């Protein structure tokens, strides 16, 4: 499992994300309420921004390459590849 720090508007939370599990699924299992809508990488409701670490978003993403290079990720499809620090609730920053 990878240690993942979620920086949310209501505080900072740390959880272990099992290998192959998305950030959103792991957060929900741990009882954290992150925003989401489609759960399929096709919208930006669940948008987060990686501060440190890396994720696999090969499932296909609504984001373009430039947005991904800036560190934006869709937590519903992003699978940690290392320990992570991620800021959640970032949808407003995209537009």
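Start at 1 and count along the chain as shown; that gives each residue its number.
Glycine is no exception: its Cβ is also placed from the backbone N, Cα and C atoms.
Straight from Swiss-Prot, the features:
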BINDING   38, 43, 46, 76  [2Fe-2S] cluster binding site
DOMAIN    2-92  domain '2Fe-2S ferredoxin-type'
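Taking the features listed in Swiss-Prot, we show where each one sits on the structure.
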residue : record                        : CB count, 10 Å
38      : [2Fe-2S] cluster binding site : 14
43      : [2Fe-2S] cluster binding site : 15
46      : [2Fe-2S] cluster binding site : 27
76      : [2Fe-2S] cluster binding site : 25
Mean per-residue pLDDT in the domain '2Fe-2S ferredoxin-type' (2-92) works out to 95
DSSP, reduced to three states, assigns residue 46 ([2Fe-2S] cluster binding site) to coil
